[in-house]
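K.L.:
Annotation comment: TrEMBL describes 6-101 as domain '2Fe-2S ferredoxin-type'. Residues or ranges marked as [2Fe-2S] cluster 2 binding site in TrEMBL: Cys123, Cys126, Cys159, Cys161. The annotation domain 'FAD-binding PCMH-type' is assigned in TrEMBL to 254-439. Summarising the annotation, TrEMBL assigns FAD binding site to 282-289, Phe362, 372-376, Asp385, Leu429, Lys447. The Mo-molybdopterin binding site feature in TrEMBL is assigned to Gln793, Phe824, Arg938, Ala1105. Per TrEMBL, substrate binding site is recorded for Glu828, Arg906, Phe940, Thr1036. The active site, proton acceptor annotation in TrEMBL covers Glu1292.
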Amino acid sequence: MGSLEASIELIGDPQEPILYVNGKRYILPDGLAHTTLLEYLRGLGLTGTKLGCGEGGCGACTVMISFFDNEEDKINHRAINACLAPLYSVEGMHVMTVEGIGSRRKGLHKVQEVLANTHGSQCGFCTPGFVMSMYALLRTCKTPPTEEQIEESLAGNLCRCTGYRPILEAFRTFTKADSFLYWDDSAKASGVAVNRASQGGKICPGTGRPCDCGPEKKTGCCSVQEKPSEIKDRGELIFPPELMTRKVQSLVLKGAGDLQWFRPLSLPDLLDLKKRYPDAKLVVGNSEVGIETRFKNLRYPVLIAATHVAELNAIKVLDDGLNIGASVTLEKLREVMHACVKDRKAYEVSGCDAFLAQLKWFAGVQIRNVSSIGGNICTASPISDLNPLWIAAGAVFTLVDDSGLPRSVQASDFFIGYRRVALRKGEILASVFLPWTRKNEYIKEFKQSHRRDDDIALVNAGMRVHLKEETGKWLVSGISLVYGGVAAVPVRASKTETFMQGKVWDKSTLEGALSELQKDIIIADNAPGGMAEFRRSLILSFFFKYFLMVADKLQQDENVQHEFSERFMSAADPYKRDISSGMQNFKTIVDGSAVGQSIAHVSAELQVSGEAQYLDDEPLPPNGLHGALVLSTRPHARIVSVSYREAETVPGFAGYFCAKDVPGGNDIGAVAHDEELFATNVVTCVGQVIGVVVADTQYAARAAALKVKVVYEDLPAILSIEDAIEAESFLLKAPRVLSKGNVQECFASGKCDHIVEGTVQMGGQEHFYLEPHGTTVWIQDGGNEVMMLSSTQAPQKHQYTVAHVLGIPMHRVVCKTKRIGGGFGGKETRGFVEAAAAAVPAYLLRRPVKLVLDREVDMAITGQRHAFLARYKVGFTNEGKVMALDLQIYNNGGNSLDLSDAVLERSMFHSDNVYVIPNVHIFGNVCFTNIPSNTAFRGFGGPQGMLVTENWIEHIAKTLGVPASKIREINLQGEGYELHYSQVLENCRIKQVWSELKSSCELASRMHEIDLFNKKNRWKKRGVAMVPTKFGISFTTKFINQAGALVQVYTDGTVLVTHGGVEMGQGLHTKIAQVAATAFDIPISSVFISETSTDKVPNASPTAASASSDMYGAAVIDACNQIKERMRPLMSQYDSFAKLVMACYLQRIDLSAHGFYITPDIGFDWKTGKGSPFSYYTYGAACAEAEIDCLTGDSHLRRVDIVMDLGHSLNPAIDIGQIEGAFVQGLGWVALEELKWGDKAHPWIKPGYLFTQGPGTYKLPTVNDIPIDFRVSLLKDAPNPRAIHSSKAVGEPPLFLAAAALFAVKEAIASARAETGLHGWFLLDTPATPERIRMACVDDITARFASADFRPKLSV
């Protein structure tokens, strides 16, 4: 057996480690084994590839790797996550980034072009990842991809802005082999119309354009036999010829901290390395080791890449089964299993069917492309989706020791403890044997998670049974029932298996087995992960589903009639999602040259090509440093001591700064200065900033920050709203109160035929903007000026806070923001903390400092949407007319006030939603708790207030036994109605919106169809709900309703606009450009929107409250009108704007103007509780139809219809994108996204810690969660006299309409409960996760573990 060094000698002189990136050859230096591909690419200046999460969960870092497979004699293309891929893992490959496939200068690739043109990019931060996922799919497919393939390929990419629909519609173009989109642009530019696709050509999966080569040809752009050239037709990069002939070599390389990286080529070499380094970690996809080193701070001194060991990459189809090498990737396994299913007898591949079904929902394509089966097995995760299946299917693992001696171990004997397997020292897993199934042998997979796509399991299972006929009865000959997520290792239900052996597959066996299974697998009440009742129910539910599925299969295969009614067989139906579709209905009202047109986002082409720059893409100025925060690890404690002595030993360390180093004031805050920049004596939450470390690299800064030692003395902590109420722990000096009429008198008068009471609680929501918080600060002019780039919605707040902390006047601080990768309110205030923290060392050291938060830090410290708790008492008549409402409402402010006061106030303003309530009393307060301060989030308390309202509306409906839609309709407000805070409604169109939606969504007929479906199906239920909304437009704090803009006209007739608003994907700059173009009657291409900067437009209000288009648009119009008034004397003399401008210039007419706008006729007095806080209201309504699986709690939306009143839309395409994006974000809030804190409800989490700190544990909606049928309409002929060009604000109002999905799910649950005789009102907290849905669908299974009124735990 040769050593690794010997193997290097065998291939001749060692070659330089190389990598091709976008056609350019790079020699990889030694010493970078700790570096990810993403870090390397961004170091090359290829910043289109983004860092969104660092754990392969968001897809923003997607790139395509290409490599030549000598065995198959072909080039393979794969999408991967660059954030997880070690740099050396792609040695000898070609990496394509978004910059490599197209640019504005060289021409966009069709993938980029179609995405830009169909409004598929809003903030743009996630866009390059989507582009590269689609591009890689096209390069992989031999024929045009199917719609299903496209949706599956995008499952590993998250978007927080668009709602996914326009992205899917853009990419569906590529399902057609012939398309008008494939015109040859170069020919068209020459005046020659050539459409090669129409001439019978094929679409090249490499270029997305027609080509002449097909599967029968060996030359052309689809072939590997290309002429050596760096680029080809229209800049499309070819696979580097060198990589097709270059011999693969072993690698011995190093990294930081004495890390060693080996890449052997043969099994003997790998075993020799394992012998020399018995504790070395084997890596293939790095999806586990990468997480451990980044997030758990584990260090492995030796890593052995098993990616190129031929023996471990082999997969053989044998007569008795599949033999799979341990390094075979999950995606390769899928491909082979698909072929086996196609080629072999159906009964032989039951195991393959189960694995394929499980792999479909296993991570994203990017992870499956690199993760190996051996890594997945040996990680021994208790929630592994595949390990229970290996055991159930009777798989055999072949292990090899360092002497080459193999031994076989049954999969059932391999897992021996938490993350421990039966590998002896020096052994590796070499291969897995999966036997074919026999006739009448059935294997089935099960998995339930928070989210269907790309999510870890809560409980999973693999089940197998073999049935034999004896004396006319089908008996159990062999059975395996294996569960994951229930213990430290996969667990076999051995007692249940024994019970079933030899039994007939009938109802009596099912009932007995369920009883055995309940006793067989026990989950303790305090089990890690919580949800004990739900997980227990899943154990039985999975088996129940399996039993019915086998009974159905037996009936199909052997004509054995089962005993179960057809109503029950829905339990056996597997989930299959239809292809999603959308419909948009609006009337275009063009005003002038640009307003009213569906113009694409002005930065769309920059974003799809990766050329759009965000904070972290900007190069750090020379001599710059990176910052990392030192954070509290206690929810409430006294700081005893802080030592940074160990941090000083980290190479590159440049300093530690804390409260004593602050030149100015250490007191900060959004409104009240009730926070400390750096904690001094006491910390009041986990994640509070204690200090900041700066170093020459981000890697060094992180490492040094972890070495700062803080000693604490713990103090009592308040961790929930209920705890705060009990302790009278509030942030307001006095509670807020709104009143109308006399509630108590109404209750006592007899006018109310019914009075009901209830409690509503809802969890918070993480913003999860794809671009984390970040700031770069540097000093100019010898310390006289402080410059700052920030990812913020409020540059003025950053300017003010930094000036205050440094003790200098504001006019010496400039904050600039080009664009931000999403904000949603989360970047309105909390970003000033890291801005000020970076400013202190930058100012004192006179060196630039960049501080960008890692995703897990961002989520842990920057606050979320407020959790709310409300208690209501409502009186109403027999007809359903609401007479009186008494409401107490509390939000969880966290450890400082921030904007919680204003959030509470808006929730109180919106606590009527759209309903007439003659008598109202609302009491509100903000709770102080020991969690990070919560903050603004899209809707700003309005959705929470309206959700409380819709809960008691539903309560009324259930009490009266009528549809909730009827209660809503008879209580709708109308023109001239006086609200509970004295504002009178003008131009109220909610009844018109409601009527149009009710008609277009065919509510009555669908309710009838759903009723029929529910009668026919016991275990699948559907529900439909229609919900309205009314959202007030304006900041509720009067002075913030002001806006400024600077308009400058240049002598060539072009216009530069600078305004105080921030572009964060909402299309603000696009709309402002349209407004300016229309004002001057020029093309929109003649208008450019500059960066937002405090030295151009001073004292700007935050970009928030959905009011920015209104306010900044009006300010721009004011400035344009000033210039036009000066031009007026010369206007009639010139036939073009450019000539007019030059004439004005020559006449010394000022062509620059500052515009200003204040929102008129608004104001509110909390002392009297009266006023008009809003300029106008945006109205909307949605109808949602949902389907649930009563046995698992799984749900999906079959159809959603939305009608919005947006006046005369400034840009219908942008506005519809905002509606869809807001709805899907709202869907996350009501149905998916659950924050879990270390509180009384979750004792398995450390006190005060946020458990859900990244996409691995916190689940956003994906492309497969959006409504299957998504229809959006804008109300026609509904001008708004209160805003520019008769338009209306759109950003926040649609979010609440996702409540229709919540109540549709609740209607489906009600149908399930009715099956067991439960017909009354019941609680369903938000988010309505599978746990809450399943436990509310009370049946014989849940009754074994919980009462009918069981309420799953929630962090509130």
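Heads up, the Cβ atoms here are built off N, Cα and C, so glycines get one too.
Curation plays no part in TrEMBL annotations; they are all automatic predictions.
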K.L.:
Over the domain 'FAD-binding PCMH-type' (254-439), what does the predicted model average in pLDDT?
P.N.:
95
K.L.:
Can you tell me which recorded positions out of Cys123, Cys159, Cys161, Gly375, Glu1292 are within 10 A of Phe940 (substrate binding site) by Cα, answering none if there aren't any?
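P.N.:
Hits: Glu1292.
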K.L.:
Looking only at Ser372, Gln793, Thr1036, the binding-site residues on record, which one has the least crowded Cβ, with the fewest other Cβ atoms within 10 Å?
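P.N.:
The binding-site residues Ser372, Gln793, Thr1036 were compared, and Thr1036 has the fewest Cβ atoms within 10 Å.
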K.L.:
Drop a 10 Å sphere on every Cβ of the binding-site residues Phe824, Phe940 and tell me which sphere holds the fewest other Cβ atoms.
P.N.:
Phe940
K.L.:
I need the CA-to-CA distance for Glu828 (substrate binding site) versus Glu288 (FAD binding site), whole Å please.
P.N.:
35
K.L.:
Run through the Cβ atoms and count how many others sit within 10 Å of the one on Cys126 ([2Fe-2S] cluster 2 binding site).
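P.N.:
Result for Cys126 ([2Fe-2S] cluster 2 binding site): 30 other Cβ atoms within 10 Å.
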K.L.:
Looking at the recorded positions listed here (Gly285, Glu288, Leu429, Thr1036, Glu1292), whose Cα lies nearest to that of Cys159 ([2Fe-2S] cluster 2 binding site)?
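P.N.:
Going through Gly285, Glu288, Leu429, Thr1036, Glu1292 one by one, the Cα closest to that of Cys159 ([2Fe-2S] cluster 2 binding site) is Glu1292.
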K.L.:
Highest Cβ count within 10 Å among the recorded positions Glu828, Glu1292: which residue is it?
P.N.:
Glu1292
K.L.:
Take the Cβ of Arg906 (substrate binding site) and count every other Cβ within 10 Å, whichever protein chain it belongs to.
P.N.:
25
K.L.:
If you count other C-beta atoms within 10 angstroms, which of the binding-site residues Gly285, Gly375 is the most crowded?
P.N.:
Gly285
K.L.:
List every residue in the same chain as Glu288 (FAD binding site), at least 6 positions away in sequence, whose Cβ is under 8 Å from its Cβ.
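P.N.:
Expected: Gly375, Thr379.
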K.L.:
Under 8 Å Cβ-Cβ from Arg938 (Mo-molybdopterin binding site), six or more apart in the same chain: what's there?
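P.N.:
Expected: Phe824, Gly825, Ala1222, Gln1225, Gly1291, Glu1292, Leu1295.
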K.L.:
What whole-number Å value do you get for the CA-CA distance of Cys161 ([2Fe-2S] cluster 2 binding site) and Gly285 (FAD binding site)?
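P.N.:
Cys161 ([2Fe-2S] cluster 2 binding site) to Gly285 (FAD binding site), Cα-Cα distance: 30 Å.
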K.L.:
Could you round the CA separation between Leu282 (FAD binding site) and Arg906 (substrate binding site) to a whole angstrom and send it over?
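P.N.:
A Cα-Cα distance of 54 Å.
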K.L.:
Of the residues in the domain '2Fe-2S ferredoxin-type' (6-101), how many are helix, strand and coil by DSSP?
P.N.:
20 helix, 29 strand, 47 coil
